[in-house]
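Working notes, beginning with the structure itself.
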Amino acid sequence: CGPCFTTDHQMEQKCAECCGGIGKCYGPQCLCNR
């Protein structure tokens, strides 16, 4: 769900919000856990 930037310290939170609560950054991509 969207890109992940290592320079953004809030990326993990943004990724989780993008996924609706559960999501993690794997390299340059934000992936949602189902």
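In case you wondered, yes, glycine gets a Cβ from its N, Cα and C as well.
Now, the feature entries from Swiss-Prot:
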type	residues	note
DISULFID	Cys1-Cys18	disulfide bond
DISULFID	Cys4-Cys25	disulfide bond
DISULFID	Cys15-Cys30	disulfide bond
DISULFID	Cys19-Cys32	disulfide bond
MOD_RES	Arg34	arginine amide
Between Cys4 (disulfide bond) and Cys32 (disulfide bond), how far is it from one CA atom to the other, in Å?
12
What whole-number Å value do you get for the CA-CA distance of Cys1 (disulfide bond) and Cys30 (disulfide bond)?
5
Sequence gap of 6 or more, Cβ distance under 8 Å: name the residues on the same chain that satisfy this around Cys19 (disulfide bond), in order along the sequence.
Cys1, Cys30, Leu31, Cys32, Asn33
Using a 10 Å cut-off on Cβ-Cβ distances across all protein chains shown, tell me which of the disulfide-bonded residues (Cys15, Cys18) has the largest neighbour count.
Cys15
